[in-house]
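Swiss-Prot annotations:
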{"type": "TOPO_DOM", "residues": "1-236", "note": "topological domain 'Cytoplasmic'"}
{"type": "DOMAIN", "residues": "1-177", "note": "domain 'SPX'"}
{"type": "SITE", "residues": "22", "note": "site 'Important for inositol polyphosphate binding'"}
{"type": "SITE", "residues": "26", "note": "site 'Important for inositol polyphosphate binding'"}
{"type": "REGION", "residues": "158-165", "note": "region 'Important for inositol polyphosphate binding'"}
{"type": "TRANSMEM", "residues": "237-257", "note": "transmembrane segment"}
{"type": "TOPO_DOM", "residues": "258-269", "note": "topological domain 'Extracellular'"}
{"type": "TRANSMEM", "residues": "270-290", "note": "transmembrane segment"}
{"type": "TOPO_DOM", "residues": "291-317", "note": "topological domain 'Cytoplasmic'"}
{"type": "TRANSMEM", "residues": "318-338", "note": "transmembrane segment"}
{"type": "TOPO_DOM", "residues": "339-344", "note": "topological domain 'Extracellular'"}
{"type": "TRANSMEM", "residues": "345-367", "note": "transmembrane segment"}
{"type": "TOPO_DOM", "residues": "368-375", "note": "topological domain 'Cytoplasmic'"}
{"type": "TRANSMEM", "residues": "376-396", "note": "transmembrane segment"}
{"type": "TOPO_DOM", "residues": "397-401", "note": "topological domain 'Extracellular'"}
{"type": "TRANSMEM", "residues": "402-422", "note": "transmembrane segment"}
{"type": "TOPO_DOM", "residues": "423-469", "note": "topological domain 'Cytoplasmic'"}
{"type": "TRANSMEM", "residues": "470-492", "note": "transmembrane segment"}
{"type": "TOPO_DOM", "residues": "493-503", "note": "topological domain 'Extracellular'"}
{"type": "TRANSMEM", "residues": "504-524", "note": "transmembrane segment"}
{"type": "TOPO_DOM", "residues": "525-692", "note": "topological domain 'Cytoplasmic'"}
{"type": "REGION", "residues": "660-692", "note": "region 'Disordered'"}
């Protein structure tokens, strides 16, 4: 592998601009070689002066790169030393508290027998668990810094050796000895000492001297590296997807033959939510694949466990498996009379199995990922009582696009409670009324507002924590427009059913607030969530200064589809109002629901890209984990202090200036990455010029 590819494959994405600009140096050397005056048409002194002037510029550039690397390495090393001291103090405090609580073993055992663990013991246990996680993240940051050290030294050695070969001189090697080999980033071995100390502390203090267990906890692949799925997983993905496609075609043919002339809408509404969930999981798998390929570190952004998280193939497998269950359940509905199973039992069995898959307490079927999702859902639905993180409001945003699932769930509960004729074998296609699909009792309107309400209270909670009206209160205003839109839609629907004369008034109010909501959310999507239409976009017209994905066309197409799908509701209202054909509203809404999931799928790419660029600007490469976090008041006070004119603002300006000096970010395919041993990057030190 060429070193340029090796460097691109193994750098930490969030520190990309702090590495040696190896490709730029190569271009300098090749350009100098191509533009050099020929010895055949000019004298030797002119050629020597040309190369002498070039070398002066070349070595000045090397000095600037070396100074940049030394500065960044020193800052990160100092940060690591401070973090190490903090973790050591927290560990010592936890161990001291643990020893004090166990000083009277008899009393402690009696307490355990009667009251199980005391509150103090539970807190200590939780602190030790948090410390293990904090040390593993800290160890990862040390490995990344060691990797930074090794890659930059190898980069200088390679480029200076190439310099000597092209210019037929030894001044590059001399410069390396005089400058690089004595540079602080290379000579400083404190990083190795910190790594060794961390391994020792985790082994002796947290894993009771079991080094194998300690190293298993510490060793981790680099963030952003694709975790190869087993061959059987790949096989199952292909098998499930193939079966799902074939079954869907069979369902369409069977349904058009056996259900012709029947009222299939209750069955469609009941099964529609399951299909949208399967579509969402499959598209999320594509999101995950795209993020990995582009170098968007979603593992860090979602604060996932880098040792154990779902890859795109795992998501495809889950979506395919659930898709097959969904198809078999629908088949059983259609052919219920032939298999002696009442039609209305099939959805209950299907969604019961899906729920069981999610809450299964055994450590099987991606237990850690399912438990992470359940905790996240709990945090989303109890938003006012927790500090809101990125994963929390990201999931709530997904729920806003999956609101149809909640509405279909409400319909299913209502239908089974009031409309279903349990004695009929074909109850799902033999409904006498459609009360459950209306706003008659107001429950449907409340359910429709739940996702927007969750984001609304999240924004209020973030405002409480940060005291920043913009963007949090402004964002809350965006979600509040949904409440008005749904309210007037419900009023219009109920007044129209009862032939009230004021129905048209509510219709126009509904349209006005729908229009306001769509414009509000569209502007927020493009400007705030995606960071587009930046004044400093430069050559990236209408985009932003830095872009991750390789083609600008991706961004322009995403803007167009977002505009179209944000206003797709106008088609539904127009067709429904004009009554162009039977069941127009149901047909259009069934088509638009998966399109909204697709819009959110596209939104995810650019929302995480924007968050990734924020992490790059802050050089944040690992999770921030603290055993003793600041409370909300202290956090607010600290942020206010940092906002002073002589504080962090100057650093922000400096970061903006630095970002303006760089080109678009792009990470090559991760297939070129090599495996790590003990989570340490091994740099190929070969001197073979074919590999440079």
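Yeah, the Cβs are placed from backbone N, Cα and C, and that goes for glycine too.
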Is the transmembrane segment (504-524) packed against any residues at least 6 beyond its ends, judged by a Cβ distance under 8 Å, and which are they?
475, 477-478, 481-482, 484-485, 488-489, 491-492, 495-496, 562-563, 566-567, 569, 573
Tally of residues which DSSP labels helix, strand or coil - the topological domain 'Cytoplasmic' (368-375)
8 helix, 0 strand, 0 coil
If contact means at least 3 Cβ pairs within less than 8 Å, sequence distance 6 or more, would you call the transmembrane segment (345-367) and the transmembrane segment (270-290) in contact?
yes
The DSSP breakdown of the topological domain 'Cytoplasmic' (291-317) into helix, strand and coil residues is 14 helix, 0 strand, 13 coil
For the transmembrane segment (318-338), distant same-chain residues with Cβ under 8 A (at least six beyond the ends)
236-237, 239-241, 243-244, 247-248, 250-251, 254-255, 258-259, 267, 271, 274-275, 277-279, 281-282, 285, 310, 346-347, 349-350, 353-354, 357, 366, 425-426, 428
Go through the chain and flag residues at least 6 beyond the ends of the transmembrane segment (237-257) whose CB is under 8 A from any CB in it; none is fine as an answer.
264, 313, 316-317, 319-321, 323-324, 327-328, 330-331, 334-335
Any idea which of the recorded sites 22, 26 has the thinnest Cβ neighbourhood at 10 Å?
26
Is the transmembrane segment (470-492) packed against any residues at least 6 beyond its ends, judged by a Cβ distance under 8 Å, and which are they?
439, 442, 444-445, 448-449, 452-453, 455-456, 459-460, 462-463, 503, 506-507, 509-510, 513-514, 516-517, 520-521, 524, 528
Apart from its near flanks, which chain residues at least 6 from the ends of the region 'Important for inositol polyphosphate binding' (158-165) lie with a Cβ under 8 angstroms of it?
3, 20, 22, 25-26, 29, 58, 62, 171-173, 175-176, 180, 687, 689, 692
Secondary structure of the topological domain 'Cytoplasmic' (423-469) by DSSP, residue by residue, totals 31 helix, 0 strand, 16 coil
With DSSP as the reference, give the number of residues of the region 'Important for inositol polyphosphate binding' (158-165) in helix, strand and coil.
8 helix, 0 strand, 0 coil
